[in-house]
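Written out below as structure tokens is the structure these notes cover.
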Amino acid sequence: MLRSSQPLTGPNRKRCREDEKLLGTVLDEGERGFIIDTRSAQAAKQARMTGGGTEPKSSYPQWRRLHRPLERGRPLQESFIKLVEACNDTSINMDRWLSRLESCRWLSHVKAALSTACLAAQCMDREEASVLVHGTEGTDTTLLVTALAQVILDPSCRTLVGFQGLLEREWIEAGHPFHLRCARSAYSHARLKQEAPLFLLFLDCVWQLSRQFPFSLEFSERLLLTLFDNAYASAYGTFLCNNEKERCLCKVKEKTHSLWAWLNQPGEKKKYLNPLYSHNALVIWPSVEPQSIQLWQGLFFRWIRSSQYLDEAWAEIQRLVEGN
Amino acid sequence: VLHSQISSIEKQATTATGCPLLIRCKNFQIIQLVIPQERDCHDVYISLIRLARPVKYEELYCFSFNPKLDKEEREQGWKLVNLHEEYNRMGIPNNYWQISDVNRDYGVCDSYPTEVYVPKSATAHIIVGSSKFRSRRRFPALSYYCKDNNASICRSSQPLSGFSARCLEDEQMLQAIRKANPGSDFIYVVDTRPKLNAMANRAAGKGYENEDNYSNIKFQFIGIENIHVMRNSLQKMLEVCELKSPSMSDFLWGLENSGWLKHIKAIMDAGIFIAKAVAEEGVSVLVHCSDGWDRTAQVCSVASLLLDPYYRTMKGFMVLIEKDWVSFGHKFNHRYGNLDGDPKEISPVIDQFIECVWQLMEQFPCAFEFNERFLIHIQHHIYSCQFGNFLCNSQKERRELKIQERTYSLWAHMWKNRADYLNPLYRSDHSQTQGTLRPQMAPCNFLYKFWSGMYNRFEKGLHPRQSVTDYLMAVKEETQQLEEELEVLGEKLANLQKSQLTDNKVKSKQQDGSKRLGLSTSNNNLANTPQEYSNDLKSFPSRSPSQGDEEDSALILTQDNLKSSDPDLSANSDQESGVEDLSCRSPSGGGCLPSEDSGKDSDEAVFLAV
């Protein structure tokens, strides 16, 4: 699986031999590959007007392009804000709750993200074909897809350590601009242009996987909530800045502590483990039917309703498993 | 699939492969049979229609079902749940409440049981008088008594008050209920209907209690819709479930449009109100709707469940259903179509109650002794007519038909298999299980989830592939075994140490009776297949052999009846730990659990059944 940003085809359909050659080396003679473009076909076409575009079939004959539009940017942030508002609105009665939930579109985004990641995984696992994923800049929906696909495909990404490695690789080092994206969260009136909850969407999708495959992830919901918290505000330097270059310039590694170092301490670590975990060597294919995708109550109702009874249930599960 | 489960049959348009018949079942299974010849298809259609609409009770399965038990066992089975004992458990008879035999020949009310519990100060004269002033003569009678504070939940039907009629005895009856609770000087009267409906009833000479006429009552409408609205609501929700590849929008809109969860919440809120009145205010409540056998039953049983942890045990739940549904004359036959009857009487009343319980289980995972499967199987058997518990419309009818002598009790059957129905997280000493359950009333819309375990029960792809419940039960069993083994070995060690001084001869090797469960949750059996994530891949030859036909999954009626959603997981543990083999016995022997649901074997297509 490869990732990149959009090719700069532009309105004059420029070609780039090096780019074609690079992609060419990925595939053997006669092999086919898939390009998953996270923009709609129309949006991708329009991108040419501003210097971007798509890989033309003629120049990349072995690659088949699939478009799977995934929401990002302002609309995604709005979706998030609307959802949080809906969750906090004590005046909605049951008559309106579901349509309000629907109008936020958040769950639709979860469904779309999971479906696209599954598609990428399916290309690799079932079609045994290579996949290139990109959107516009390769820093948002691209990473969402590649990271999620790896959780689906690769059991080592489902371990606590492996998942951290995945985050380092596919989000942090890959240059997801955390500083811009995770600036003020849902309550701010600032409505910053660059803010968007892609990382939260990723965590939500991972939570959906943990619900559908309760034995297959080594980490618990608590880890996901902690990651969410730290992406926005953290005592650690892990999610600082927008890319490696900035982190180097700011000397993040010299001046701050790593979240991972703290999480992995034996005393801390056990809080983030899933007591039901059992190594599952297989690919986990989630259902993306609407009934299978649920609102992540642990996050969205975190401060609204007590988690006491569910916590007690988990404590009981822990007790049963440890007692054995 | 039992004929009694068939809800409707639809002949669909002929295709190249043949004539499809779509069979929708009351337990939400949907089966499509494709019959090559149109003529045969029509014959099958006609036959199934007739078979699914029995005219006489004797046609029902329960009269021919033979689990190979003797008469004694059959009788014992029926005795498992005893309401007399239940009222004793509540603390009755006592200073305030007594049993009355005024209805011993069903002379006062033919839809009530022979044994009713009434306030001490309610004489036979008062009871009879009150019954004449109540719809269907269903006078106020005791449903639940809280011995801690003497508050009670009573139930009845609507008074025949019209616009201005009064009845001294009925007023005295309510006073008697009030007096039976010295801790409070008033009672709540809760009418579970929407106000408009109740008012409309007045024009027909019925209606509701006027606070001016009945001293010391506080009257309250709750607003649960009637059976017709509920029937339509379910219908709409099932239509949503039948959508092919719905978007999130389609689903959420459809679900909201059906109003189903709104109704569930309304029932739950009513139960919460009553439970609060009893537990927190110490005030007695009289509940009624129109006839006092639908919404009243729902609301009283939800309230009881919230109030009393006993009803959250397996046995207690069976007792609850016997009390508030069976004995109080809920019209099982009419509502669930045992026999062919008026389609307008059909309504998912008890289904809604069962769902309320599930919703509570989701909110309070440690509080119930039983698990989701228990609820699903009960629902299944309400429609299956395999057992005699839910036949007819009243105790009177059941006794006339000699149900207990001619059929078997579901409770005995489930009790025998109770290991399947346990909730591993339940502990009777857990804080969550004790005392009153207090669900959040607001804001809590989001707490109501769509129950795909029930409404998409047979769609394997939708459910988590791995059953946490079954895994934890297996863990629990193994731990218990290991502890027992440890004890035995400990004793042995002690003995050996003693005898070591005198005799070094080692005893014969103890047979390793308790086999290790070797709990591995992983591997081969968890392989599942991807759903149809994209149409684009179809043009590429798929190399996956396990991508089965969608059509296949529709025809697969899980015959194995293994208890769990991940058969291999618990199958191993069952055999090794010696738990009763739950696989289906021969058809004539019956004894099958209803065909089990999600998450069967690896190579089947995950995609939805039709």
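Glycine residues also receive a Cβ, built from the backbone N, Cα and C atoms like all the rest.
Per TrEMBL, these features apply:
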type: ACT_SITE; residues: B:C289; note: active site, phosphocysteine intermediate
type: BINDING; residues: B:N226, B:I227, B:C289, B:S290, B:D291, B:G292, B:W293, B:D294, B:R295; note: substrate binding site
type: COILED; residues: B:472-499; note: coiled coil
type: COMPBIAS; residues: B:504-515; note: compositional bias 'Basic and acidic residues'
type: COMPBIAS; residues: B:519-547; note: compositional bias 'Polar residues'
type: DOMAIN; residues: B:77-455; note: domain 'Myotubularin phosphatase'
type: DOMAIN; residues: B:258-302; note: domain 'Tyrosine specific protein phosphatases'
type: REGION; residues: B:501-610; note: region 'Disordered'
Per DSSP, what is the helix/strand/coil residue tally across the domain 'Tyrosine specific protein phosphatases' (B:258-302)?
31 helix, 4 strand, 10 coil
Excluding its own, the Cβ atoms lying within 10 Å of the Cβ of B:R295 (substrate binding site) add up to 27
Tell me the Cβ neighbour count for B:W293 (substrate binding site), meaning other Cβ atoms within 10 Å of its Cβ, over all protein chains shown.
26
Extra residues within 8 Å (Cβ to Cβ centroid of B:N226, B:I227, B:C289, B:S290, B:D291, B:G292, B:W293, B:D294, B:R295), substrate
B:S157, B:T192, B:R193, B:T296
Which residues does B:N226 (substrate binding site) neighbour through Cβ under 8 Å, counting only same-chain ones at least six apart?
B:R193, B:N197, B:S290, B:D294, B:R295
Is it possible to get the count of other C-beta atoms within 10 angstroms of the C-beta of B:C289 (active site, phosphocysteine intermediate)?
27
Have a look around B:D291 (substrate binding site) and count the other CB atoms within 10 A of its CB, chains all included.
19
Record lists B:N226, B:I227, B:C289, B:S290, B:D291, B:G292, B:W293, B:D294, B:R295 as binding substrate; longest Cα-Cα distance in Å?
12
